[in-house]
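Novice: Pasting the feature list from TrEMBL:
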DOMAIN    6-436  domain 'Aldehyde dehydrogenase'
ACT_SITE  E217  active site
ACT_SITE  C252  active site
Amino acid sequence: MALKYTTIEDLQSAHAELRKSFQARKTIPLAFRRAQLLQLARLFQENNDRLMAAHNSDLGRHKLEITLPEMGPIVSGAVRAAESLEEWNKPEKPVVEEWRNSWDTTVYTTPKGVVLIIGPWNYPFVCTILPLIGAIAAGCPCVVKPSKFSPASAQLLAELFPKYLDTSVYRIVNGAVAETTALLELKWEHIFFTGSGRVGRIIAAAAVKHVTPLTLELGSKSPVFIDADNTDIELAAKRILWGKQQNAGQCCMSPDYVLVPRAHQDAVAEAFKKAYQKFWPHPKGALDPSSELSSILNQHHYGRIMELLRRTEGNITHGGNADGLKRIEPTLVTDVRLDDSLMEDELFGPIIPLVPVNDVLDAIQIIQARPVPLVIYVFTDSEETKTKFLESTSSGTLVLNDTFTQLGIHEMPFGGQGDSGYGSYLGKFSFNTFVHRRSYINVPPAFEPFLGHRYPPFTEEGFQALSAPANIKIPDC
Ligand code: NAD
């Protein structure tokens, strides 16, 4: 399907209109934000079938794999944000030193201003709309720029937005690099970007010019460790294979490679084969025409993944086939070394490399030596192993005993660290992204007698009095 690009003039005038609306404080009343959030929930609920069909035509994903990570979190997230607005926006009264009690010290949350959200193709709704929920809740007018590689989804959002949302404050802009570059030349009060590290760096460089705060939700190689002596290997294999086959591995949270104690590699490989047979009992396995396997986005990525498989020096012990329709069979590769082609970059495809390690410490050292991942997955029942990972590794999220589970939990932040990006979202964390916490202080005239020491001419007595905070007793360790 052909995506209608927004003209440069139109995106510039949208930006100008949003700024005007913000200056007119249109998004300030909570009743306005609540109505818009509920409208957003309605947009997704009332057009569920059309949105799922557009998504399917872009990416060929089964409806279960659309509703679970996309429609559910969006509708429930928008409603929960609408219900939480009062609480999130409540001014905070910090506990201050007693002598400042009369100063009415308050922390207000104020919207940052007009913001931009740029999304990837692989989750064409959730990666743009969950941040948008935060922007609406915060009171920020927003332009959303979906990816051109999910054109039907992007076009439908452009059609539905004006029917449900106030277009003087919320807009969809569609386009490719030229349109995104034009957007980045404009001034925004926050940019929320989800995508690759390569483009993330371009966005960061553009944001610097206007000193624009930025959230970067990037891809990464998310490792898995199977603590084979302390876990149910078959359950681990089933959950990893399920996470990996989601969208054919084209997911930022996809379990990328699996570190497994050397002595257990064969048992783990067997467990994967067993899970595969249960998932795809069809005559031709996962590539059977009746299976629900997702396809790879385009020929470029299809070729890239097949080339990785061609270059690997590991053993392809299961799978490795493709059907000529951009579908690649979930493929298990054993005895993968750290310098293998499969360990070069985020796989973003349905390959499961098994990397043999000596033990848990070896696994941790391998993870520590590589870029900080978005997620680390650990399969273990051992408290000792859990603690070792918690204390000795860094990642956006640490998930025990499952894969791919976080987007539905609105109460926890989701976001990368280090090489996998910075900033976070979901629920109140999305709201926090788009607000400024503004301190408010009122020093009453009646306080004047207590301020006398600060005025010239300075005196020794005044110096001693005002030095008191620097001279407080420091507690013993
Ligand atoms: P991408 O970086 O190629 O594109 C992301 C967005 O940037 C798109 O809207 C695209 O139009 C725009 N863009 C592309 N080139 C640009 C340029 N030169 N200048 C300005 N804008 C440009 O990413 P993608 O291929 O759409 O998505 C896949 C990547 O996104 C993977 O690395 C994946 O892991 C990552 N991702 C991360 C998360 C997360 O939450 N951390 C979620 C989904 C996807």
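Note that Cβ sites are derived from N, Cα and C of the backbone, with glycine treated the same way.
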Novice: Determine the Cβ neighbour count for E217 (active site): the number of other Cβ atoms within 10 Å of its Cβ.
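Specialist: By my count, 25.
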Novice: Sorry to bug you, but what's the C-alpha spacing from C252 (active site) to E217 (active site), rounded to the closest Å?
Specialist: 9
Novice: For C252 (active site), what is the tally of other C-beta atoms lying within 10 angstroms of its C-beta?
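Specialist: Result for C252 (active site): 25 other Cβ atoms within 10 Å.
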Novice: Please give the average pLDDT for the domain 'Aldehyde dehydrogenase' (6-436) in this predicted model.
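Specialist: Averaged over the domain 'Aldehyde dehydrogenase' (6-436), per-residue pLDDT gives 96.
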